[in-house]
């Protein structure tokens, strides 16, 4: 079976192709082909394609989104990165869909009803669901009636306990769909499964730290999400690359009274806050650490604030679980920043958590970096959302 995975965003398309023969393997299979399309402005994009044998890089000018994606897909069966003979070899296409609302608690085959539901949820995910829906429609145009599967980022959190899901506003907010949904669910679910594989056992109490440009924590009890830091939107929770995370809602009322409108507040909180907003340097923690080395006080404040908020939110997840048996770090920062892991774990030393400093500095993938005598295991996991989407497609089709 050949499975194409499409992760369509507002400014990029990421795709990969998997070939699965026989039963699903126990470990993630490497893709046959990977491609990324990044938009620099509405008519200009850059394309990168990677296969085992060849790499391809191109600049695309004066092209529509549909034409650019069509060109990207043709590199599957044409040119130096060809890995299949024709488009008809693709059996199924899986899509990451950020918001599935209350109705979609697992992956589903895309139908007209599903497309309508994704469109109806655009007000809850205006930066993501439109691009996800566009990706589905483009595949329909380019690949005809190939089966498509929607894999929802909210699904893993769809069974949150009421006390974790309901906001303490008016009770009728629930009828409006205003509740905690949680995000990064594909990553959190993958890490939950991968943790059990690495340790060779199920885990009772697990906290997953997905730390990238977007960041979230999830408390997992016996394989089920019971609390998570992102909420009604991916804006809630931790301080992130450009997002503020949780702030006093009274600040927004204050700014509205000063004349700010919804679009200005949206941009401020989603694009001009977080590490970028505080440091004035970058959303990238690596660049912030370079600025700190040059005695940039604002950059140091941004990093200190990032870690303070991370530790505070970890405390919340810890209380929801009543302790922790395994702590997982994933995402770009989680996987690669030994210093963030070390400083975070130092705050949990009272639990008997001890890192192996040598292993931590090596940032090993899919390994336990806790000391032998640590009472809490600490794993670094390379999240593989694309593979998780491919797994969902396989399960829908077999």
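Cβ coordinates come from backbone N, Cα and C, glycine included.
Sequence annotations record features per position, and here Swiss-Prot assigns Mg(2+) binding site to 7, 385. Taken from Swiss-Prot, the feature ATP binding site applies to 14, 210, 211, 212, 213, 214, 284, 285, 286, 332, 333, 334, 335, 336. Annotated substrate binding site per Swiss-Prot: 96, in sequence order. Taken from Swiss-Prot, the feature active site, proton donor/acceptor covers 153, and the record attributes it to sequence analysis. Residues annotated as site 'Transition state stabilizer' in Swiss-Prot, with sequence analysis given as evidence: 184, 243.
Among the recorded positions 14, 213, 243, 284, 286, 385, the ones whose Cα sits within 10 Å of the Cα of residue 184 (site 'Transition state stabilizer') are 385. Note on the recorded positions 153, 284, 335, 385: the fewest other CB atoms within 10 A surround the CB of 284.
The recorded positions in question are 184, 286, and the one with the fewest Cβ neighbours inside 10 Å is 286. Neighbour density around each Cβ, counted as other Cβ atoms within 10 Å, peaks among the recorded positions 14, 96, 243 at 243.
Other Cβ atoms within 10 Å of the Cβ of residue 333 (ATP binding site) number 25 in total over all chains. Spacing of residue 286 (ATP binding site) relative to residue 243 (site 'Transition state stabilizer') is 17 Å (Cα to Cα, whole number). According to its DSSP assignment, residue 213 (ATP binding site) is coil. For the recorded site, residue 286 (ATP binding site), the DSSP three-state label reads helix. Comparing C-alpha positions, residue 14 (ATP binding site) sits nearest to 7 among the recorded positions 7, 153, 385.
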